[in-house]
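What follows is a short report on a single structure.
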């Protein structure tokens, strides 16, 4: 009799409640290459042993429930159950543990981040026996990775489409984020693209509000980028936000963007949802559109150290679901992001293989086989003085995005774009000449500002601006 149809009728059914650890805590278990592995930060309630807490997580996120049920005998729990196979205390924290759980691959629908998360980060996060629970990392087996399309195009295809190599790409989020008419919005897009930026971006809040309906915005932005392309000889793009209240409206906007011939659209993947995101990603692959991803709502999920989901997990999920860019924090700007932790998940986005490295928060080695990489986008409170650090931290395969750091230039939008392009070109040239950007960054910017009045003005206006607060996200 096959494991799927094997029953336990000959053993007999014993009703009642038993400890989770009797079934789901298996320290002797040797993980399989096909298992999905999870590292949970578990904070048990007082009096709950860590073995019981870890087993409860494994049970409630796989086959278990609070009591023994008769229908357990109609399947093979050993085949399908999650297993807590290792527990270690968290250094410096009282009554907090990292519990490692292995899930058989058969528990999950192929190609569905939605289904994977519904199990692994579902009802178990409200379990009363736990004070708090955080998913720190996932190991996605190659067998499961290959069931996903992944990013529509990836880093190399994007560079080939844009014909831009050897430097980070430059972007700008149009501000104010809400309230502009479509024509004035398009004017700002044109001015900064003409000034030297590669991309402009809809703010994540911009969908189709009364002050600016989506179709009007798409038309004026397309006109702006084509005009800027004609004048500069460079390929330009604007992230047209296709996020909508329904998947049907989202796809209608993506189709219209394709008909306009623009190179890239955008989606808010957490508020929009993984099913919608994967659908849009497949459309973008089939129709030659790049896909920019914003992570609005991520801090609600990932910022608390002891509860939620770490962003490295959300980043892995995005690489599976599909996106060519994703916002990743800046390390040096106004938004949360500690350097080693940030670079840990940046590598998870870009590289084919990432080694386990607990100093960077990476709990498992991860292979992406042939899945394309995702460009990290550094955005939020950055300006020209940050350019050396951003270039050194993120390297060439990144998008450096300056909203207020472009449009806040005292001489206007186009000079703000010029200042950023000059600063970037100076940093890339200095790096290629062997100069140390971390040590000589300010000197490099000052030298460049001597022959660029736009950069000099930007340096003066933002010379005192710093965002220095301790990071919440630490190992």
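Glycine too: its Cβ is placed from the backbone N, Cα and C atoms.
Residues 123, 173, 177, 327, 379 are given by Swiss-Prot as substrate binders; from 213, 215, 295, 303, that same site also lists 295. In this structure, the C-alpha atom of residue 177 (substrate binding site) lies 14 angstrom from that of residue 294 (active site, proton acceptor).
Candidates 123, 204, 295, 327, 379 (binding-site residues) were compared with residue 175 (active site, proton acceptor); none lies inside 10 Å Cα-Cα.
Cβ neighbours within 10 Å of residue 173 (substrate binding site), excluding its own Cβ and spanning all shown chains: 23. A Cα-Cα distance of 11 Å separates residue 327 (substrate binding site) from residue 204 (Mg(2+) binding site). For the binding-site residues 123, 173, 203, 204, a Cα to Cα distance of within 10 angstroms from residue 294 (active site, proton acceptor) holds for 203, 204. Annotated Mg(2+) site 201, 203, 204; additional same-chain residues within 8 Å of its Cβ mean position, judged by their own Cβ, are 173, 174, 177, 202, 205, 206, 239, 241, 266, 294.
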